[in-house]
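Input: a single structure, listed below in structure tokens.
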Amino acid sequence: MRPRKILRIGRWEVTKNAGGIDRKTAAVVGATLLVLGAAVPLVLAQGGVTLDEGFYRVGVAEESPLYPVVEDDPTFAVRDSDAELGSAIDLQIDGTQVVASDTQKGQAALAELRGSVDSYNDRVMAGESNQSAAFPVTVTLEYAERNRTIAPADGGDGTTGDGATGGGAGDQGGSDDGGGDGTTGDGGDGSDGGTTGGTTDGGAGGDGATGGGSSGDIGSIARGLTGSDAMTGTPSDISPPFPFQSLILAFLFVIPLNFVIQAYGSTMLSERLNRRGELMLVAPVSRWDIIAGKTLPYFLGAMVFEGAIAGAIIALEPGSGSGAYALLAVVPLVLLFLAATFLGAMFARSFKELTFVTVSITVGLTTYAFVPAIFTDVTPIALVSPLTIVVRDIQGVAIEPLEMAISTVPPLFTATLFFVLGAGLYREEDMFTQRSIPLKVLDSLAGRIRRRRSVALVVVLLMPLVILAELVAVAAVYPISMALPRELWLGLILLAIVVIEEVAKSLPAYAGFVHNRYDRTVRSALTVGALAGLGFFVAEKGLLIVQLLGGLPEVQQAAVVSAGPTAGISPMVALVLLLAPLALHVVTAATSAVGMRSGRQGYAVGLTAAIAIHFVYNFAVVMLVV
């Protein structure tokens, strides 16, 4: 590829063929994005979206002591105290006496009122001048990740052990708080209302500073967005944090990409309709020059959007992070969106079909990038998405190199794979032919197959897509795993992994048979299947080496569970488990290959048999090791 030619093609793309979007449409899209960007900080400054505002109707007079409670809680709508109970109001308050309607909503309103009274009393106590009398004991709470280790703070003379009571009572009537698994303390020189840090059961200390409430200025808006405000309140207010900030940040970084790929997909498909791209194909430039030149403006435009969003958030909160990791993590995600759209445009036969393909890409990739990033502060499984690195960097959390690699390498390699497969179709004999999407998929795979051993290389090239799909499958099963028996959710994960792996091994071989690259004999099928299994085994061993050297988190270990042995087993069993996957992949791939000789139905039968064999093996190994 030559940079000068790429830049020239990119300039032509911007000036003459910017996706078929006119200025009015571009203005509307730009205005919509600006409104969304301006609305999000305002919503956060108000404390988030209140979905239940005015949900319960309460009849209360202004003279009632409970009137300030009802008025301050947006959940309640104040009505006349003489309104009819049940039809007009859900609660009726006469002085301090509360009567609820004989409905489920009335009982729920009564429970909500009890909580509102407690919160109101806490706020009143917080406004007292003598805070030591209002709150004799102060507890500072800091949420930490499950796998995070924090050294215990000094907690007087209390000792930590396996007991159930933390800290010790001070000899001056004060308190010496040591949360977590400490034994009863020996007594310390506590002071009235004093606090000391301790260790929590999850390994996290609780000695962070207690912060005040939001002041409503620009800094507080950014702190609400980045989640850097400390949480304060009474013990009744303590609850695990809802990942609202992570949700908003992930939403902000994903939405612009969906607009960019619409224009990008349109311009790539327009080259295939009415043979518009024929002149470019006969020009003295390579197909990679054309693809890179037409992709460059959309990549730069997407990065400008992402950089502007990150820069605006960081400018509002200077201590949130540098933003360098955020921009680096966004690059593979942008490339993945563009590469998938490029490949889809090579498959589609019309703009109507492209719409279906683009929607599928949008839903799939948005789910992959958005959903795990919501749980950035909850579980390490969020690392399957590059947006997790973005959210952590903006929140000022330190980024480890291994975490960066886990989040960005799979989508980067997958994007490269999509561009390679799409480039295989970027030629006259494929661009201007009208074939269905399944046949186009087979065409893209068969374009890389020249002889029997080529199938092993194609299977290896598909490995990044396999990794990405397996990580998404594991992350999708994780939220429901807590409510299911271990055997069931392990079976679901293994079944998803097995289906992904067998399809990835068999599709290149099937493409070779469809395009008559191989003889339709049993011997040829067994040879092709063995080569496909060998290629997958070699790629899988690479993952095992990364697992042993780098120490992958639990979700990545689950994705490569069939790759080989884990720690804690004998050397003989380890050797057997190391070599057994080779036989497994060869047998299952050969089973699929034998079936695909007779066509589509035979391929379906062979693939089903291969999936069954692979699942039984994986389940037996996991039950043996786990």
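These residue numbers are counts, starting from 1, taken along the chain as shown.
Backbone N, Cα and C atoms are what each Cβ position is placed from, and that goes for glycine too.
Going by TrEMBL, these are the annotated features:
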type	residues	note
COMPBIAS	155-216	compositional bias 'Gly residues'
REGION	149-226	region 'Disordered'
TRANSMEM	244-265	transmembrane segment
TRANSMEM	296-316	transmembrane segment
TRANSMEM	322-347	transmembrane segment
TRANSMEM	354-375	transmembrane segment
TRANSMEM	404-426	transmembrane segment
TRANSMEM	455-476	transmembrane segment
TRANSMEM	488-504	transmembrane segment
TRANSMEM	525-549	transmembrane segment
TRANSMEM	569-590	transmembrane segment
TRANSMEM	602-625	transmembrane segment
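Stretch with the most C-beta contacts under 8 angstroms to the transmembrane segment (244-265), considering only 296-316, 354-375, 404-426, 455-476: 354-375. Where the transmembrane segment (354-375) meets the stretches 296-316, 322-347, 455-476, 488-504, the count of C-beta pairs under 8 angstroms peaks at 322-347. Sequence-distant neighbours of the transmembrane segment (488-504) (same chain, 6+ residues past either end, Cβ-Cβ under 8 Å): 459, 462-463, 465-466, 469-470, 473-474, 476-477, 480-481, 536, 558-559, 561-562, 588-589, 592, 607, 610-611, 614-615, 618-619, 622, 626. With a cut-off of 8 Å between Cβ atoms, the residues of this chain six or more beyond the transmembrane segment (322-347) that come close are 253, 257, 260-261, 264-265, 268-269, 272, 291, 295, 298-299, 302-303, 306-307, 310-311, 314, 354, 357-358, 360-361, 365, 369, 386-387, 389-390, 392-394, 399, 404, 407-409, 411-412, 414-419, 421-422, 425-426, 430-431, 437, 440-441, 444.
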